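The following features are taken from Swiss-Prot:
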BINDING   T233, A234, E235, E287, S387  L-serine binding site
BINDING   R264, S265, E266, E351, I352, S353, S354  ATP binding site
Amino acid sequence: MLDSKLVRTQLTEIAERLATRGFALDVARFEALESQRKSVQVRTEQLQAERNSRSKSIGQAKARGEDIAPLLAEVDQMGSDLEAGKRELDAIQNELDNLLLNIPNLPHESVPVGADEDGNVEVARWGTPRSFDFEIKDHVALGEQHGWLDFETAAKLSGARFALLRGPIARLHRALAQFMINLHTGEHGYEEAYTPYLVQAPALQGTGQLPKFEEDLFKIRREDQADLYLIPTAEVSLTNIVAGEILDAKQLPLKFVAHTPCFRSEAGASGRDTRGMIRQHQFDKVEMVQIVEPSKSFEALEGMTAHAERVLQLLELPYRKLALCTGDMGFSAVKTYDLEVWVPSQDKYREISSCSNCGDFQARRMQARYRNPETGKPELVHTLNGSGLAVGRTLVAVLENYQQADGSIRVPEVLKPYMGGIEVIG
């Protein structure tokens, strides 16, 4: 959430910056609500002061032996008016808060301006796509050839956009997740966490999925308790570890990593990537989250992105790194890098990781703070999140890039210890 004071004092500039994201801030609505808020607040404060004065007069009149009944009635009426004013003020403030909750973050000045993914800027490439001397197969054909990948049974169980993995491919999927977790904890300094897969609404509001993107979530309604949501990413549960906390500066940075399933309705993806494992309702992801001091968040973003890149490099998968433009960034991000891995059957790069600096946007929603050692006062932390990596899409990339003419798959060198030394599957 943006700082309400910043929005009030720099409304025009904020609206212009948000316009580069394709977001039209309702300036007139904000100004009208802000005007109402000020008017009601002034009226309420004046009424409170007047009531306090009248209350003092009651004691003085009583001491003089005067009839205080009229004064008591007047003070009672003022009390009723004051309560009504406070309710009106709360209603206006709730509208303002709801307006602010639906406003995306401001892009950093270093973010390229663009309307959509066509405006993204390629920063770097690593590796060279392999040249095949045989007709390549996509991951679906490779998986189904050996009976490892079963979409028909998955559809019988759960409907479209689910996959059933069996045998060596299921083991390879597990190997990838274990390799990623071990790399991030062993070499990159992250603390592994096992988190709930079901969270309440405030957690999703804290990281920015609610209220704006509820249609993308799977919701579990409960009659006698708060509704629960399946996490769309471990970013939600990991980042909310610090919700409502005031951290000691010595605790920072906090670096968490978790391997979890992720659940997304893909409400806006009708007709896209309907074949295979690229876009699923349920998929596994290894997620990195960092909680840092404000001055260190952009440095942390570069480091986190490098951690995700290291996974691809060790797997020897060609990829490219993109700086997302203003119109393609996620709701909560100040700046984002995407990593796209080479998918031979599609003859193009596909997203496999997104690493974002969210600044104090999520922290303000969560009230996550640290005590600044220089001032002794609580200040908002900065939060970052990144995929390290999406396990299913990494599996797709390994299957297709490591395929052989007979449909068998070479096991990447770094995965052999997790595969019992097996060099080829199929």
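Glycine is treated like the rest: Cβ placed from N, Cα and C.
The structure displayed is predicted, hence computed values, not measured ones.
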In three-state DSSP terms, E287 (L-serine binding site) is classed as strand
Those binding-site residues from T233, A234, E235, E287 that fall inside 10 A of E351 (ATP binding site) by CA distance are none
Note: in the chain of E235 (L-serine binding site), residues six or more apart in sequence with C-beta under 8 angstroms of its C-beta are T207, E287, V289, N385
Note: in the chain of E266 (ATP binding site), residues six or more apart in sequence with C-beta under 8 angstroms of its C-beta are R161, D216, R279, H281
E266 (ATP binding site) -> DSSP, reduced to three states, gives coil
Ranked by how many other Cβ atoms lie within 10 Å of their Cβ, the binding-site residues S265, S387 are led by S387
Spacing of the two Cα atoms, S265 (ATP binding site) and A234 (L-serine binding site), in whole angstrom, works out to 16
From T233, A234, S387 (binding-site residues), the ones whose CA sits within 10 A of I352 (ATP binding site) are S387
Whole-number Å distance separating the Cα atoms of S387 (L-serine binding site) and S353 (ATP binding site) is 5
